[in-house]
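Inspection log for the structure reproduced underneath, given as structure tokens.
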Amino acid sequence: MTDTARDRRFMAAAIRLARLHEGRTGSNPSVATLIVRETADGPVIVGSGVTAVGGRPHAEPQALAQAGELARGATAYVTLEPCAHHGRTPPCADTLVTAGIARVVGAAADPDPRVSGKGYAILRSAGIEVEEHVLADEAAAGLAGYLTRRISNRAHVTLKLAVSANGMIGLKGKGQVALTGPLARRQVHVTRARSDVILVGSATAVADDPELTVRLAGLEERSPIRLVLDENLRLPVASKLVRNIGQAPLWIATSAPPDDPARMALAEAGAEFIAADVINNRIALPELLEDVAQRGLSTVMVEGGAAVAGAFLAEGLVDRLQIYTSTKTVAGEGVAAPVTAETVPAGFVRRRTDFFGEDRFDEFERLG
Ligand code: AOF
Ligand code: ZN
């Protein structure tokens with residue numbers, strides 16, 4: 001196998017490992033490291049690590065601890081440039097040097113000003129051979145939330161839609177209807193578990209009375225913050241979103257003042273509030289995404305309804321589009337989907353097409 005083919009193969013494995021803690025590392029990205037050693041039988045992984053839940057320790061010291069003395073002379077595969085700053089532990093770049101690593105293969109660059117280029121510089125000045133940008137796009141897809149927050153100072157948005165065979169997402173006045181089967185729903189819950197925030201409009205929150213928690217065996221603890229856009233505070237205190245605050249935080253974006261009686265009742269029930277700008281009776285979305293990012297949260301999954309989804313799309317704020325297309329047809333007065341798998345606007349590229357049971361899944365990414 002050529003060096004390039006081998007590097008790509010191990011980097012692909014590292015990128016898969018990094019996915020393990022997506023959504024669980026706080027404001028830190030989930031990054032992975034593999035330590036690979038040449039043996040008579042070919043290359044062997046002697047250490048692996050992924051950023052710990054909560055964000056520390058970083059991936060590198062964990063992988064190096066596992067490798068021990070076998071790290072000396074080995075190659076390290078890192079999905080993000082190793083850090084160059086002192087946190088609770090020394091910089092990972094220094095740790096790689098001290099461990100005697102001979103070669104470092106990196107994927108994505110780190111825009112964190114404390115790191116950006118400095119991590120690789122430390123390695124090179126210690127005589128380590130460095131190869132950058134291996135599978136950089138693939139690694140960046142997994143780090144999309146972190147990179148968007150760092151580079152654009154706003155949260156990354158994934159818009160999820162379930163669309164009927166005739167391009168509808170629900171029935172007028174009745175909100176969304178169950179269109180997708182159990183396999184697709186499981187997939188939605190996995191995406192929720194990887195997100196920092198799930199966002200819906202108050203119309204959906206009122207009409208559907210959703211829970212927006214993760215209800216998959218083993219992942220119940222992974223419910224993200226639920227955020228409702230509710231300029232007029234229409235969310236009832238008796239809604240499931242309020243009643244299950246014990247399972248996951250509920251945030252409400254509104255311009256209503258703290259002494260508004262509806263707000264006081266929701267606050268009493270445990271809801272928290274984000275002060276939002278309201279323009280034409282609509283919450284200003286770019287500012288909201290900046291606010292979310294400033295709170296150290298990177299990924300927002302938008303789950304409805306049609307007006308909110310349409311607004312995110314119209315304002316060019318959708319970074320990733322996930323469309324589940326059902327074989328079912330919505331009869332009667334339907335609510336048209338703002339976009340279907342056939343009408344994705346220019347500027348998006350298809351990243352994946354799959355089936356979950358009978359439901360088709362298409363994922364698109366907005367080009368930088
Ligand atoms: C690494 N390995 O596994 C991760 C890194 O708050 P701190 O001190 O933990 O630093 C956070 C920064 O560390 C974050 O902005 C990013 O630059 C880097 N993340 N670096 O070497 C890792 N998760
Ligand atoms: Zn580090």
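Placed from the backbone N, Cα and C atoms, the Cβ positions cover glycine too.
Residues Arg192, Leu212, Arg215 are given by TrEMBL as substrate binders; from Glu81, Glu303, Glu315, that same site also lists Glu303.
Ligand 1 lies under 6 Å from the Cβ of none of the binding-site residues Ala162, Arg192, Gly310. Ligand 2 lies under 6 Å from the Cβ of His58, Cys83, out of the binding-site residues His58, Cys83, Leu212, Val308. Ranked by Cα separation from His58 (Zn(2+) binding site), the binding-site residues Arg192, Asp208, Glu303, Val308 are led by Arg192.
A distance of 30 Å separates the Cα atom of Cys92 (Zn(2+) binding site) from that of Arg192 (substrate binding site).
Around Arg215 (substrate binding site), the C-beta neighbours below 8 angstroms that are at least 6 residues distant in the chain are His189. The shortest Cα-Cα distance between Arg192 (substrate binding site) and any of the binding-site residues Cys83, Ala162, Asp208, Gly310 is the one to Ala162.
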